[in-house]
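The transmembrane segment annotation in TrEMBL covers B:20-45, B:65-87, B:94-111, B:117-140, B:149-168, B:202-220, B:249-267, B:279-295, B:302-322, B:328-347.
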Amino acid sequence: MTANVFRAERIGKSYPGVRANDEVSFAVAAGEIHALLGENGAGKSTLVKMIYGLVRPDDGRMWLGDALYAPTDPRAARQSGVAMVFQHFSLFDALTVAENIALGMENPPPRRELAARITQVSHDFGLPLNPGRRIVTLSAGERQRVEIIRCLLQNPRLLIMDEPTSVLTPQEAELLFATLRKLAAKGTAILYISHKLEEIRAHCDRATILRHGRVVDSCDPRAHSARELAAMMVGGEMRAIDRSGRQAGEVLLKVQGLSQPAPSAEGTALKEVALTLRAGEILGIGGVAGNGQEELLAALSGEVRSTPGTVLLDGRDLSTEGPEPRRIAGLLAAPEDRLGHAAVPDFSLAENTLLTAGARKGLVRGGLIDHGGARAYAEAVIRDFDVRTPGPGAAARALSGGNLQKFVIGREVMQDPRVLVVNQPTWGVDAGAAAAVRQSLLDLARKGAGIIVISQDLDELLELSDRFCALNEGRLSNPLSTKGLTLDSIGLMLGGAHGMEEARA
Amino acid sequence: MIRLVPRQSASNGWQVATPLLAVLATMVMGGLLFAIMGYDPVAAIRTIFWDPLFGPAASYSRPQLLVKAAPLILIASGLAVGFRAGIWNIGAEGQYIIGGITGAAVALAVYPLEAWWLFPAMVAAGLAGGWAWGMIPALLRNWFGASEILVSLMLVYVAQRVAAWMAFGPMRNPEGMGFPGSRNLQQYPSAANPELIAGTGAHWGVVAAALAVLATWFLMSRHIRGFHIRAAGIAPRAARFAGVRPQTLVAFCLGLSGALAGAAGLFEVAGPAGQITDKLGVGYGFTAIIVAFLGRLHPVGILLAGLLLALTYIGGELAQLTMQLPAATVQVFQGMLLFFLLGFDLLTRFQIRRRVSA
């Protein structure tokens, strides 16, 4: 039994109206990769923020090694040997790798020495990275390496990683785990936050499971199936996904020769995208973020119009039509960004139905809004999709991510679209809500709609789709049947991991 | 130590309270200012805010309230629609001037013809002139991405030069013995915008302002276009997703606010002002911006704010006459009002908390 690097004893934290953490006790041993598992809102973030000094616990105590540990801010946490890699990177695009790392250090060494140390650390841990490159030229996986190396240079005793693989291809993720293994072998304790169960089962030594702010269980994740872990997280049996009863019918949507210039400097150009979608079929489109997902959705929803003859629904050319005529024709979409794109944050749920359902649900006639109808439709969506909210008068921003996502998907699904295009339908959504959203898509397909699911969650794509294409730098690959497709082969379709060659060399 | 904590959502109570608080603070600070200048602050405040309505000369000044409030409310109603969408027409003053000129041009062109259709035609021409002047920044923004704030503002000064040119040139009264300024439309029955009910100050502009309040309320709360405007102001991407084309919205909002400002200009030229002069613009277009914000961009709020600002105009003039306060008093007051409003607005979005120690 190795010594505990970190130990929390009955720590708790309250926010107005919610007990975010309650009597949380757990310990992380040296050399251990310790998973923190829980649904969204289970209290993982609050817990980690307390450990990293961003939030102070209301009660309870923490130890780092043998010393009592009560960081007043992240700087104090770093000085004590706690480092954290956030889900969202804080890097300056215009600066180089070395400059970014120097900015995050208390006393950066001279530039040449720093570059040498970066190269050394990146070599030791199998994280290929050139310190002279500008951040803007790096992939998401490479940017994450910058953050990791920034942490490693401080020789942390405890490294916290918040959902690190959400932006990575499977190959990049493998590379990351190899690094974490090496790090653990040197005695660093790693606290790993994720809700990807397979990943945790494959790589973590222990798991602490949080539910409603409390530790409900602690186990060896390798000894349990993903289903069992999910059941511990949600506190009940997971409903199995029902894929039955669907068969591909006539062609509904045809996209051909769709090319679009990049909408902005950070955007991606679409290049000769072609696809066909049949009734009753779910087409999965995978890819690492920033490879044209948003642009493809915008071209299908009508937010961006394309050259004539590129987007056809039932043989009718909709390429030059905007979103509203497309909806009337039966082509609906749900964008990735729930707040600010799929919904107006300050509007009530009732008002948010008017964003897309005005024509198909008769909520807007002759330009006049039927507020009562909008309210009734919002109520119907809330009921059928089990949206947890006080009612249709609640502002969209007041809903949790998962509940708003259920509302957004429900708003489109209940309009009985002929074709529905969704981008990241379960991103940041807890397991229970994700299952409900996925099942609703399958049910819609069973009724004869065609569905395109754009997602970075490959498990989700394999679970839902009949055929799979990869979107890579704005190009869409030929579709493959998902029968017999493995995560590995999908990973290769996504264009492989950036920097893999260097890593193996 | 005091610190500001963002609110979860804007507080409704403060939404209503801040304009009232701003008015109060303006009175207090204004009074302080008058005291420093050596005037009796209580008398000054009473002269500005009370006497125009209830003072000894109220029978003269009361009708002025509607005369001044009508253009403010008419213009602010249009501006508020654009402001809701995040489209900032700062040049209503210019659209007001051009609307007055185009409207008057119709009358001057057919003088001395008397016909029932003349006044409606002038209103239409006033709307069209203001609309066209508003479309210049709209098109420049849509085509070249030019800031509508700067373009519309700069066009005010162009409009002022146009007014001067008209007053001294093409529109000069041929029987005016060389004095600048057009014929007086008040003395041209078919073209005049008379007081409809004697003693109230209500002319057709007042009717138009009332209609504008109703129409913009209907647009913003009952019509899908108003819904799209509100959505675009808060979440432009969501609005685009709903099917709004930003260019259409820019043209609609600048066109609408321009047209209403133009109509206000026409009612003024055909009524209280009577003629085209180089002093056609008296600042209604700028004051209307304050009215729109003081009224929380809401039609009913604008109605009240328009009346209040009209009061400061009349009261300011009264104070000049009776107390010899400087002419800039009104502007100082209006400026203070906007300043305090924006300052107190902080309270709708933030809470003030006291922190025990740093």
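Each residue, glycine too, has its Cβ placed from N, Cα and C.
Unlike curated entries, TrEMBL annotations are predicted automatically.
Not measured: the values here are computed from a predicted model.
For the transmembrane segment (B:94-111), same-chain residues at least 6 beyond its ends with a Cβ under 8 Å from one of its own Cβ atoms are 71, 75, 118, 121-123, 125-134, 152, 155-160, 162-163, 166, 171, 182-183, 185, 188, 190-191, 257-259, 261-266, 268-270, 273, 275-276, 280-281, 284-285. Most Cβ pairs under 8 A with the transmembrane segment (B:20-45) among the ranges B:149-168, B:249-267, B:302-322, B:328-347 are made by B:328-347.
Sequence-distant contacts of the transmembrane segment (B:279-295) (same chain, at least 6 residues past either end, Cβ-Cβ under 8 Å): 19, 22, 71-73, 75-76, 79-80, 83, 90-97, 100-101, 156, 159-160, 163, 167, 261, 264-265, 268-269, 273, 301-306, 308-309, 313, 334, 337-338, 341-342.
With a cut-off of 8 Å between Cβ atoms, the residues of this chain six or more beyond the transmembrane segment (B:65-87) that come close are 52-53, 96, 148, 200-203, 205-206, 208-209, 212-213, 215-216, 219-220, 226, 229-230, 232-233, 236, 249-250, 253-254, 256-261, 263-265, 267-268, 271-272, 284-285, 287-289, 291-293, 295, 297-299, 302-303, 305-307, 309-311, 313-314.
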